[in-house]
Amino acid sequence: MKTRINMDFVLVFTLVAFSTCSGFYLPGLAPVSFCEDGKGGDDCQTLIQLFVNRLDSVESVLPYEYDVFDFCKDVDERRPSENLGQVLFGERIETSPYKFSFKKNVKCQKLCTKTYVKDKPMDKNMLDFLKRGMQLNYQHHWIVDNMPVTWCYDVEDSQKYCNPGFPIGCLVTTDGRVKDACVINSEFNKKNTFYIFNHVAIKITYHNGEGEGWRGARLVGATLEPKSIKNDDAEKPTCEGLPMEVPGVFDSDVKITYTYSVTFEENNNIKWASRWDYILVSMPHTNIQWFSIMNSLVIVLFLSGMVAMIMLRTLHKDIARYNQVDQGDLIKVPSPQGKSISYEDAQEESGWKQVHGDVFRPPRKGMLLSVFLGQGTQIFIMTFITLFLACLGFLSPANRGALMTCSVVLWVLLGTPAGYVSSRLYKTFGGEKWKTNVLLTALLCPGIVFADFFLMNLILWVEGSSAAIPFGTLVAILAMWFGISVPLTFVGAYFGFKKPAIEQPVRTNQIPRQIPEQSFFTKPVPGIVMGGILPFGCIFIQLFFILNSIWSHQMYYMFGFLFLVFIILLITCSEATILLCYFHLCAEDYHWWWRSFLTSGFTAVYLFVYAVHYFFSKLQIVGAASTILYFGYTSIMVLIFFLFTGTIGFFACFWFVNKIYSVVKVD
């Protein structure tokens with residue numbers, strides 16, 4: 001009873017710790033203080049620079065740079081240095097003409113006027129591209145003091161949602177259907193007309209530092225309201241009047257004047273360290289996340305109960321009976337009928353010991369299996385460390401690109417474990433082509449990922465997307481791969497081959513044993529297909545939020561929940577594979593090497609099926625290029641997940657088989 005209470009306490013403590021961890025984060029930069037004009041200095045800035053990022057859409061996988069849409073440009077345009085993760089994700093941050101003096105309110109400030117003449121083909125192309133952006137609902141992403149400028153609006157149940165982006169404009173179709181953001185204004189009602197948001201009302205909230213030991217004020221919030229306003233006098237705009245219409249048919253010149261207003265508001269209740277909270281709180285995910293965790297825990301408890309029953313009851317009795325019958329030809333061992341049973345009878349009751357002479361027979365295609373396991377080990381360690389650091393807050397949304405940068409750098413540096421595991425297992429399988437093994441470990445799976453990635457990059461380059469990786473970055477990635485990762489893989493392989501092969505607890509017979517006829521459920525394919533269902537059941541809710549953050553451009557920040565689901569997935573894959581492995585061994589089928597890898601690895605197939613379902617049911621992606629990009633990048637995720645889950649299942653089964661055959665007496 002006391003043990004049960006302690007276990008319950010540990011479980012509750014763990015859940016509380018992880019839920020707390022999901023809300024804790026470290027902002028990416030040190031705080032910056034702002035002062036009014038004439039009061040600035042080295043430690044206090046007076047000018048607030050608004051940065052613009054690439055524009056993206058839920059209806060297209062192709063992001064574009066801010067300048068491509070012919071908006072107002074900064075005369076002294078600067079681009080802050082971007083890390084590897086930002087480049088890989090297609091972020092292109094640059095300065096904008098939006099510059100504000102701290103605490104200086106501006107009512108209606110003109111930025112620039114863009115004129116499109118109907119007789120000029122270049123103007124027609126630029127306006128068509130702008131209208132295409134409004135039709136596909138492309139979103140601006142603006143940044144002030146490393147914080148997103150959000151558009152907050154009411155959703156159902158009187159809740160407020162703060163979107164870290166806002167649309168270029170919206171469209172009323174030829175049949176009068178109001179699309180996307182056009183629903184916010186009843187004046188947006190003219191058929192076959194675009195309405196561009198050419199005015200933004202920005203509100204910047206700050207926390208005053210008086211009496212808190214630091215000078216000036218710190219920005220703790222930035223929101224805006226996009227508006228469409230037609231200014232009749234472009235030189236003296238009033239920022240009032242009818243909406244700015246862009247006709248669907250370009251039959252007359254179009255003149256668009258971009259304006260803005262800005263107000264400052266003091267709020268000393270919001271601390272700088274928690275200034276992202278109003279964005280994160282508006283995302284109603286927490287209750288669903290707890291449902292996801294409880295759903296996963298139920299599956300884990302079910303599997304744990306099954307494994308415990310096998311280990312403590314069935315397997316324990318098997319081992320005791322086998323060890324007893326080895327002491328003589330006929331030993332009185334209790335049977336269900338209460339009679340004495342012989343060694344042969346005992347074998348008939350449970351058959352896993354009968355295959356002791358074949359269970360460690362090297363698998364076919366041992367080279368490929370060892371390569372997969374080496375790469376899977378590399379991915380597993382990388383994922384664990386990345387999620388752990390993210391859970392601690394070092395890879396928060398404020399630290400842009402840090403998550404991807406951390407993952408890539410860790411993968412490059414973890415070549416040694418990959419080489420060691422692959423070579424050690426390959427040597428255990430009796431392999432001798434060690435050079436081929438090392439080269440395949442270093443090049444096969446990374447080569448497949450890079451080839452897919454390169455093809456996707458070609459499509460992005462042809463489409464002129466900002467997500468296209470620059471040639472220099474591709475060269476840098478190749479240099480990291482061949483200059484760091486491959487040599488480290490060789491180092492790991494060297495130590496792996498120097499070590500003796502893993503010693504098996506029983507000898508392998510020279511002549512393979514014939515496998516008896518199997519029932520439907522103990523055949524390889526049904527077992528593998530069933531094995532991936534329970535691990536996928538643990539992650540599919542979390543998977544929805546991850547896909548949302550990737551393809552619907554929603555912010556993902558609950559890494560504490562994700563780390564807990566990672567641990568649950570680890571346990572579930574292990575237990576499901578052990579369970580099915582035991583059933584197959586009892587059916588005297590000793591081909592467990594590949595089956596253990598594929599059983600948990602089949603979870604990746606369900607991941608792909610879910611991604612296809614998500615594409616058709618949740619996304620509104622249009623265009624062949626976007627569709628190819630979606631499934632191209634999904635294929636990379638599926639391959640990585642296949643290696644990751646397959647490796648977990650293999651090593652769990654490897655430990656289990658070694659354990660049960662090491663405690664049985666074999667002549």
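From the backbone N, Cα and C atoms, a Cβ is placed for every residue, glycine too.
A TrEMBL annotation is a machine prediction, not a hand-curated record.
The signal peptide annotation in TrEMBL covers 1-23. Per TrEMBL, transmembrane segment is recorded for 290-312, 371-395, 401-426, 438-462, 474-497, 528-551, 557-585, 597-616, 628-657.
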The transmembrane segment (401-426) vs the transmembrane segment (474-497): 3 or more CB pairs under 8 Å: yes
Positions on the same chain near the transmembrane segment (290-312), where near means CB under 8 A and six or more residues out: 15, 19, 534, 537-539, 541-542, 561, 564-565, 568-569, 571-572, 575-576, 578-579, 582
Within-chain partners of the transmembrane segment (528-551) [C-beta distance under 8 Å, separation at least 6 from its ends]: 58, 61, 285, 288-289, 291-292, 295-296, 299-300, 303, 521, 558, 561-562, 565, 568-569, 572-573, 576-577, 580, 595, 598-607, 610-611, 614, 618-619, 621, 630, 645, 649
Paired segments the transmembrane segment (628-657) and the transmembrane segment (371-395) in contact, 3+ CB pairs under 8 A: yes
